[in-house]
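Peer 1: Following this message is one structure expressed as structure tokens.
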């Protein structure tokens with residue numbers, strides 16, 4: 001009897017479930033054939049992850065400024081010295097921007113930032129080579145100095161920094177950069193032997209103490225305790241490093257046009273104008289006076305050194321100044337935002353690129369000629385005939401047009417202690433290559449702050465990286481420097497481009 005009751009109960013429950021299932025299907029509350037519906041959605045049953053289309057993050061002027069400061073406590077990384085196996089490093093040409101410096105301008109009615117420019121290994125930031133670097137600079141009289149460089153101080157020397165003076169932060173950053181390239185080129189590739197010859201090292205700088213001192217700090221990191229008697233430091237009289245080829249009227253006209261574009265862009269920026277008015281009112285000066293003082297230069301120094309932004313020095317109270325009488329991070333962010341906007345507009349306008357091609361050509365031409373001599377000397381088994389390592393210690397106004405001329409406008413404005421590197425490599429020679437004097441086995445790499453940008457350059461953007469030769473042929477660079485780069489200004493040579501009419 002009990003078993004019969006259980007059987008009847010099971011039948012009733014089963015019937016109820018059947019009716020419920022039929023009802024749901026009839027009312028389309030569940031799919032009748034989920035597998036078939038899945039198949040009808042597409043031929044492939046492979047799971048496809050959804051692609052989220054999100055807008056790129058908005059530019060952050062404060063984050064970008066941290067990168068510009070180039071703090072020396074950041075670990076140095078880079079792809080310098082990396083190449084396929086069996087390739088040989090023949091030469092390295094480096095341009096650096098000077099390191100962190102004291103402002104070139106002062107903001108009216110504010111106190112200058114208090115920064116000690118006398119070097120001390122006991123003060124941060126420091127470096128294991130700093131103490132020996134200080135001692136080694138005292139022996140600089142044994143070196144060979146071009147023009148007026150011998151009279152410049154080889155170390156920063158003021159307890160309160162002077163205008164434009166290199167800071168200890170700048171020195172330490174250059175020591176680190178030089179040490180990084182020492183590991184990449186000397187430890188790994190033996191680019192310069194311990195008994196290197198004077199003609200194998202080329203060093204040049206402008207007549208500013210900050211570029212001379214930056215170059216010496218970099219060299220000491222690269223060649224610790226180098227022999228002064230083997231070093232000659234040459235002076236470039238122009239910040240463009242144009243040597244004997246500085247006469248270029250068209251270049252100056254392009255620069256005038258670009259500066260007028262910059263001015264129009266600034267005065268059209270309503271937020272920037274309101275910010276200048278507010279800053280001027282805060283300090284009690286005329287707006288045009290504040291704008292002429294280029295306040296971003298001094299504010300960058302405060303920001304990079306973690307100092308409070310300047311306040312009006314006309315406070316009557318000896319206590320801390322009122323917050324309303326001080327410049328703020330918000331003021332600074334607006335100015336930096338406008339500078340980033342200007343970089344984008346400058347790229348679109350194209351005027352700066354034309355100026356840059358003519359400004360950078362003399363330096364690029366000398367570098368190209370040096371690399372070609374070294375390449376041909378290597379083919380003819382003539383070694384140690386030219387500078388296998390060349391250093392140019394320069395300014396932002398030197399490096400910025402160089403980047404633009406190379407087609408690297410997206411690389412950004414040169415930060416403190418920025419470095420631009422040209423590497424010359426040779427691949428293993430075949431029997432066919434040994435019989436001719438072509439440069440088919442010579443290649444170039446271009447690196448900016450450690451990042452390989454070779455295939456972003458104008459002369460190697462179209463090179464097939466998946467070809468039998470994964471590097472950029474040196475011939476591409478030589479052709480670019482000697483002719484192709486002038487297509488931007490509708491010319492075929494430097495002389496023609498410099499003396500044509502600019503409307």
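The count begins at 1 with the first shown residue.
Glycine too: its Cβ is placed from the backbone N, Cα and C atoms.
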Peer 1: Among 12-37, 38-63, indicate the range for which Swiss-Prot gives the feature region 'Disordered'.
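Peer 2: That would be 38-63, the stretch labelled region 'Disordered' in Swiss-Prot.
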Peer 1: According to Swiss-Prot, which of these ranges is transmembrane segment: 7-27, 70-90?
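Peer 2: Per Swiss-Prot, the stretch marked transmembrane segment is 7-27.
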Peer 1: To see if you understand the setup: which same-chain residues, six or more apart in sequence, place their Cβ under 8 Å from that of residue 73 (N-linked glycosylation site)?
Peer 2: 125
Peer 1: Mean pLDDT over the topological domain 'Lumenal' (28-503): what is the value?
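Peer 2: The average pLDDT of the model in the topological domain 'Lumenal' (28-503) works out to 91.
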Peer 1: Using DSSP, would you call residue 73 (N-linked glycosylation site) helix, strand or coil?
Peer 2: coil
Peer 1: In this structure, which of the glycosylation sites 365, 490 has the fewest other Cβ atoms within 10 Å of its Cβ?
Peer 2: 490
Peer 1: Within 10 Å of the Cβ of residue 98 (active site, nucleophile), how many other Cβ atoms can you find? Include all protein chains, please.
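Peer 2: I count 30 other Cβ atoms within 10 Å of it.
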Peer 1: Measuring CA to CA, name the entry from the recorded positions 98, 365, 396 that ends up nearest residue 490 (N-linked glycosylation site).
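Peer 2: When the Cα distances are compared, 365 comes out closest.
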Peer 1: Going by DSSP, give the three-state secondary structure for residue 490 (N-linked glycosylation site).
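Peer 2: In the DSSP reduction, residue 490 (N-linked glycosylation site) maps to coil.
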